[in-house]
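Below is one structure, written out as structure tokens, with a few remarks after it.
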């Protein structure tokens, strides 16, 4: 059972921490130290970065099961990571306004030298964003999220519809994680979901 293992999330993302808590009551957080860069395609980028993050942390805690993940937004072939300033955030959100974009997410698990990874993408359609909303939003919410928005915060009101997995947009496809951990015998309802009534 999982309680025999040390579980580490190789991410400081508050959203990934929140999502992983839906599956596991106890885990550690260790920030990966890697140089993030884009590869040839969006899929290749998130897959490689999720693995690199997990491996980087695994080198420090080789007795653990380590989870890494990466998310990017793509619109018209342009890759949008986390905006670095107000100007970039404003540019990103204007690119997304009143059109569809793709959110790419990959998750990787490293344990005992074995690497497992899963890639998913979800299409998100945005409403038209009023300029006054945009300016207020980016001053509060934009700077730690790919594409400059969070579907789980006020940015969710901008979403007209999605085609795919919501948790992929939030940065951690927990259904795939659960399926993998369950298949390995590392998860059970009794040990991890005593607080099942809090699942939302």
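Each Cβ is built from the backbone N, Cα and C atoms, and glycine gets one as well.
TrEMBL lists 70 with the feature active site, proton acceptor. Among the features that TrEMBL reports, site 'Important for substrate specificity' is placed at 15, 71, 152.
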Original post:
For residue 15 (site 'Important for substrate specificity'), which of these recorded positions sit within 10 Å, Cα to Cα: 70, 71, 152?
Top reply: 152
Original post:
Cα distance, residue 152 (site 'Important for substrate specificity') to residue 71 (site 'Important for substrate specificity'), nearest Å?
Top reply: 15
Original post:
Rounded to a whole number, how many Å is the Cα of the residue listed as 'active site, proton acceptor' away from the Cα of residue 152 (site 'Important for substrate specificity')?
Top reply: 17
Subject >> Reduced DSSP assignment, residue 15 (site 'Important for substrate specificity') >> reply: helix
**OP:** Can you tell which of 71, 152 has the least company, meaning the fewest other C-beta atoms within 10 angstroms of its C-beta, among these recorded sites?
**Re:** 152
